[in-house]
Structures are given as structure tokens and as C-alpha cells.
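Q: Structure incoming, see below.
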Amino acid sequence: MTWQQRIERALDERQQTDAFRRRLPVSHGAGRWLEREGERWLNFSSNDYLGLSQHAGIIAAWQQGAERYGVGSGGSGHVSGYSEAHRALEEELADWLGYPRALLFISGFAANQALVAALAEKEDRIVADRLSHASLLEAASLSPAQLRRFAHNDPQQLAQLLAKPLDGLQLVVTEGIFSMDGDSAPLADIQAAARSAGALLLVDDAHGIGAIGDEGRGSCHTQAVRPELLVVTFGKAFGVSGAAVLCSESMADYLLQFARHLIYSTAMPPAQAVALSAALRVIRSDEGQQRRETLAARIRQFRAGMGDVSLGLTDSVSAIQPLIVGDNARALSLACRLREAGCWATAIRPPTVPVGSARLRLTLTAAHQAEDINRLLEALHGHGE
């Protein structure tokens with residue numbers, strides 16, 4: 001078999017199972033509306049949970065940062081790319097979340113991969129929730145450590161796996177709010193199991209940070225849990241992009257020595273760090289609380305409006321409201337019909353989700369108005385969902 005034959009076979013398999021992914025260029029993809037080729041739809045696919053990507057103050061902060069620092073960092077943070085703006089943001093994040101240190105990364109994917117790659121050795125074991133993000137599971141499977149997956153949100157099975165004999169150390173991996181199901185992890189029980197076994201706990205709270213909790217502190221703060229490694233990302237509630245790892249002083253120093261994704265990547269633009277500091281100020285403010293309350297109201301409105309036809313909904317009270325339809329072709333068809341009704345929703349299919357669980361991943365935001373949710377509900381009811 002040649003490389004071209006292998007590539008064509010893989011593409012054919014995706015085509016035959018209605019799992020082929022395509023990107024559609026848009027003129028505006030965040031906020032209340034999605035705009036493309038002169039048309040617009042109510043946007044139920046964006047992760048811009050608080051609507052901050054369109055916030056005038058945050059946009060102005062990025063512009064001011066670019067005027068001061070330029071549009072790029074110029075290098076790795078280990079060389080010349082670590083600016084005063086980066087340091088200020090790290091200190092603000094650490095203060096907000098109650099950790100000694102924060103380290104910035106260019107993406108949540110990079111942060112998760114960096115942690116696993118820097119920590120895991122051959123004699124170690126990584127025990128991960130089976131529905132953890134692809135960045136975590138891929139890093140774990142590629143690491144020299146053994147990978148064991150526990151049943152989704154099952155602390156009892158986690159404890160059983162942690163109790164098995166091992167020469168090395170253990171790392172427990174989970175998410176605060178799961179990206180495809182929208183449900184929350186029982187973090188207190190997971191932390192108890194990890195601590196009982198002497199394991200480190202890594203929580204990726206990409207979809208909780210900023211969107212829930214006091215001052216938007218996220219899933220861990222809400223559940224009174226303090227993992228040794230907390231990953232927060234800035235492409236959701238913050239409305240920007242990038243990520244940070246919250247940890248101890250010694251762990252931060254260790255990662256600065258051994259986290260290759262951090263050492264060998266160009267640092268995020270300083271202007272982006274300025275914008276993120278502005279976003280954090282909004283998140284912590286009364287305005288941020290009002291936006292979280294608006295988001296919570298839209299979630300309640302949607303779930304109440306689904307009523308008796310909510311059997312396909314997962315048990316989610318987050319901004320992520322997946323409607324599981326099972327078949328790939330049906331998910332694509334339903335997404336198409338919703339767009340015809342003026343609502344943009346994305347069909348999520350295997351391998352992103354398990355076979356037989358294709359779904360519409362509906363995301364609600366503080367930018368939505370009550371009438372927008374009503375329109376979505378009417379479209380879903382009109383198509384028998």
C-alpha cells in the first residue's frame with residue numbers, strides 16, 4: 001500500500017459513514033449571530049459562553065496592547081517572548097483562583113499535552129475518565145506510562161483502578177464540565193479517590209471557568225476542590241484564546257524546565273495577554289455575574305421548553321446542551337433543517353463521540369435573547385425533536 005492509497009482509504013471510510021468533516025468559512029462566527037455568504041443564523045454552535053468575544057472593552061484592550069507591544073511576542077517565553085503583560089496576567093489568574101503560580105500556554109490542547117508529556121514516566125499510570133478531551137487521552141496514550149480509563153464519572157471504578165499494584169506514580173485526569181455531554185464531574189469524590197491513592201489530580205475546566213461559580217471561578221471552586229493541576233482555557237467564557245495551568249511553585253518551576261510545548265512554542269502575543277486581563281476583570285465584576293445569570297436563565301428556559309421531548313438531551317445544566325440522535329446521517333439532516341429554520345447548529349459525529357451517539361451540540365450563551373431560545377425550541381419541536 002502506498003501513502004496515497006492509505007490516505008484515500010481513510011477518506012473513503014469517513015465518507016461512507018457520514019463522518020467526513022468539512023470547514024465552512026464564515027464572516028462572523030462568534031456571538032449571537034453566525035454570518036456566512038450574506039446570510040445569518042442564530043448561532044448555537046459557539047463556545048463564547050458570556051459573549052465576551054464582542055465586548056468593546058476587551059477589543060479596545062487588545063488594540064491598546066498591540067499599539068504598545070506590537071502584534072507578536074517575537075519568541076518563546078524562555079528567550080524573549082515573556083512580557084510584562086504575560087507576567088501580570090499570570091499573577092492575576094493565580095490570585096483569582098488561589099494558586100501560587102499560573103503558567104500561560106498557547107492553547108488548552110497544548111497545555112494538556114504538555115502536562116502529561118512532562119510528568120508521565122514508564123513505570124507510572126494515568127487513570128483518565130473515558131470521556132476526557134482528546135488532548136488528554138492522546139497525550140496519555142502516547143506517553144510511556146500505562147493508560148487506564150475509568151467509566152464516565154465513576155469514582156468507585158477510579159478507586160479500584162488506583163488500588164492496583166504499581167511501581168511508579170499515578171495521575172488522575174478528568175474534566176470539570178465535559179465538552180461533548182455537558183455534564184459535570186463529581187470532583188469531590190474523584191479528588192478523595194486520588195488523594196487516598198497518593199495520586200496527582202489534573203482537572204481540565206475549559207467549559208466551567210468563567211461561566212459558573214463565584215466570580216466565575218469554575219467547577220473546582222464551586223465543588224470546593226483544589227486539584228494539583230488546574231487547566232483553564234480562554235477560548236470559551238473568556239472569549240479569546242489560549243490557556244493557563246494553575247499549580248504549586250515547585251510544579252511551575254518543573255514545567256518551565258520540562259514542558260516542551262511551553263519551552264519550544266512562541267509565546268502568545270502580549271496584546272492577547274492584555275485582552276485576557278481585561279476579560280478577567282469583566283468576568284470578576286458585577287457585569288460578569290449578570291452575564292452568568294443571563295446564561296443560566298437561557299439554559300433553564302431551553303431545558304424547560306424541551307419538555308416531554310427531551311429524551312435525547314444529556315443530564316446537563318451547563319451551556320452545552322447536546323441532543324443525541326444516534327445516527328450520523330440523521331444528525332446531519334437535523335442540523336440542515338435547523339439551518340433552514342434560521343438556527344445554526346453543528347452535528348458532532350464519531351470519532352469525536354462514540355459510535356451510535358451522533359448529536360447536535362447546542363451551545364447557549366449570554367448573548368442569546370429569550371426570543372432566540374424560543375425560536376430554537378420551535379424549530380426542534382417542528383422537526384419532532
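A Cβ is built for glycine as well, from the same backbone N, Cα and C atoms used for every other residue.
On a predicted model such as this, the values are computed, not experimentally measured, just so you know.
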Q: Need a hand: Swiss-Prot gives Gly108, Phe109, Ser179, Thr233 for pyridoxal 5'-phosphate, which of His86, His207, His221 is also on that list?
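A: Looking at His86, His207, His221, the one Swiss-Prot places in the pyridoxal 5'-phosphate site next to Gly108, Phe109, Ser179, Thr233 is His207.
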Q: Considering the substrate binding residues Arg21, His133 given in Swiss-Prot, which of Thr294, Thr314, Thr352 is annotated for that site as well?
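A: When Swiss-Prot describes the substrate site, the candidate it includes is Thr352.
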Q: Hey, for the pyridoxal 5'-phosphate site built from Gly108, Phe109, Ser179, His207, Thr233, who else sits with CB inside 8 A of the CB center?
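A: The surrounding set, listed in chain order, is Asn112, His133, Ser135, Asp204, Ala206, Val231, Gly235, Lys236, Ala243.
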Q: Round to the nearest Å and give the CA-to-CA distance linking Thr352 (substrate binding site) with Ser179 (pyridoxal 5'-phosphate binding site).
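A: One finds 10 Å between the Cα atoms of these residues.
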Q: When the Cα-Cα distance from His207 (pyridoxal 5'-phosphate binding site) is computed for each of the recorded positions Arg21, His133, Lys236, which gives the smallest value?
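A: Closest by Cα distance to His207 (pyridoxal 5'-phosphate binding site) among the recorded positions Arg21, His133, Lys236: Lys236.
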Q: Which of the three DSSP states, helix, strand or coil, fits Gly108 (pyridoxal 5'-phosphate binding site)?
A: helix
